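Okay, structure first, notes after.
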Ligand SMILES: Nc1ncnc2c1ncn2[C@@H]1O[C@H](COP(=O)(O)OP(=O)(O)OP(=O)(O)O)[C@@H](O)[C@H]1O
Ligand SMILES: O=P(O)(O)O[C@H]1[C@H](O)[C@H](O)[C@H](OP(=O)(O)O)[C@@H](OP(=O)(O)O)[C@@H]1O
Ligand SMILES: [Mg+2]
C-alpha cells in the first residue's frame, strides 16, 4: 500500500514511457464537475509530456469522427442512471455503446457492466458481504445489512432476523449522484418509519470517527485518512433520526457535531497494509474494474477491518501520484493488448 508521497520518476523511466506511449490517444468522457475534479487539463499536460494525446469526448456529437482512441476513460454513471428514465440519456448511452461495439480494440476504463453494478447498492453490498469468506485470513468483514425493496411492513422483523443492530444507517439503493449521498441514522425500531424504500439498512459500526479511503488505480492503491461519523451508544435508544449528507461527513475538510467524538478514546491502528492489499486484489477480480474506491473503518471493539462502501471512479483527493498511476495503468493495459495481439498473430489458427 502506498502512502501519498511526491511521485518519483527517473529520466530513464520517463524516456521509456514516452517511446512506448508516443502517439497514443486517450479519450475522456466525464461530466463537467468530474472534469474539474480530475483536473483533466493538468492531466492532458502531464500526458503530453509522455507523447500521449488526451481528448475530451463530446458525447452529444458523433464519436467516430472524434476518434480513434486507444483507451477511453469515463465516468458515465450520470448518463447510466439518467438513462433509466430519460430518452436523451438513453440515446447518448446507445451511441456510446454502438461506438464501442464498432471499435473493439479501444480499451474502456472501466467496462460499462462493471460500472453499472456498482451503481446499485444492492449489488455492491452483496459483493461486500462475501468478502469475509474470500478474505478469511485477513479478518475483513462488512456490516450486516438489509435490502429494502418496497414493502416496509416486515422491516422490523427482518432487522432482528438478519442480525442488524441499532443504530442503523440508511442509504438509498442508487449509489451515485447527489441524492445517493442523502442518508440517515436510525436509533430505534420506532424510527423505522423514517425509512424510504428502495434503500439499504446497514448496522452502524463504531470506528472512532476515522475513515480509511483506499483509492485504486489498476494494480496500485493509495490509502488516505478522512474524518468520519463519531461513535454512538450501541443498541436501541430513544433518539430522533439524524438526517445527513455523506459529503458533510468524510471530505478532507469535514468537521461537525457528527464527526467530533463525544468522548476521548485511544487512537486505533490503521488497517494492515497486507490486509488492504489482499482486499484490493480480491475486489479487482470481483469487480473487473481498475478505477474505484473502497471505504474502510476499524471496529473500535474488535479492531476488525470493516468495508462499508465501494465507489466508482472516486475523486482521488489526497493522492498526488494519481496522474502517473493512471498513465502507468493505461500503458499497462495497452502493453497487455499488444502482447495478446502479437501472441495471437504468432499462433495461427487461434
Ligand atoms: N456501517 C457504517 N458504520 C459506521 N459509519 C458508516 C457506515 N456506513 C457509512 N458510514 C459513515 O457514513 C459515511 C458515508 O457512507 P458511504 O461512504 O456509504 O456514503 P457515500 O455517499 O457512498 O459516500 P462517498 O460516495 O463519499 O464515499 C462514511 O464515510 C462513514 O463516515
Ligand atoms: O472522497 P471521495 O473521492 O470518495 O468522493 C467521491 C465519492 O466517493 C463518490 O465516488 C462521488 O461520486 P458519485 O457517487 O458518483 O457522486 C465522487 O464524486 P465525483 O464528482 O468525483 O464523481 C466523489 O469524488
Ligand atoms: Mg463512501
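Along the chain as shown, the residues are counted starting at 1.
Cβ coordinates come from backbone N, Cα and C, glycine included.
TrEMBL does not curate its annotations; it predicts them automatically.
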TrEMBL annotation, 1D-myo-inositol 1,3,4-trisphosphate site containing 75, 181, 213, 311, 315 - matching residue among 33, 34, 133:
34
In three-state DSSP terms, the structure that residue 212 (ATP binding site) belongs to:
strand
Among binding-site residues 208, 212, 309, 315, close to ligand 1 by Cβ (under 6 Å) are 309
How many Å separate the Cα atoms of residue 295 (Mg(2+) 1 binding site) and residue 311 (1D-myo-inositol 1,3,4-trisphosphate binding site)?
8
Going along the chain, which residues six or more apart from residue 208 (ATP binding site) have their CB under 8 A from its CB?
231, 261, 265, 267, 268, 298, 300
Can you give me the Cα-Cα distance between residue 311 (1D-myo-inositol 1,3,4-trisphosphate binding site) and residue 206 (ATP binding site) in Å, rounded to a whole number?
21
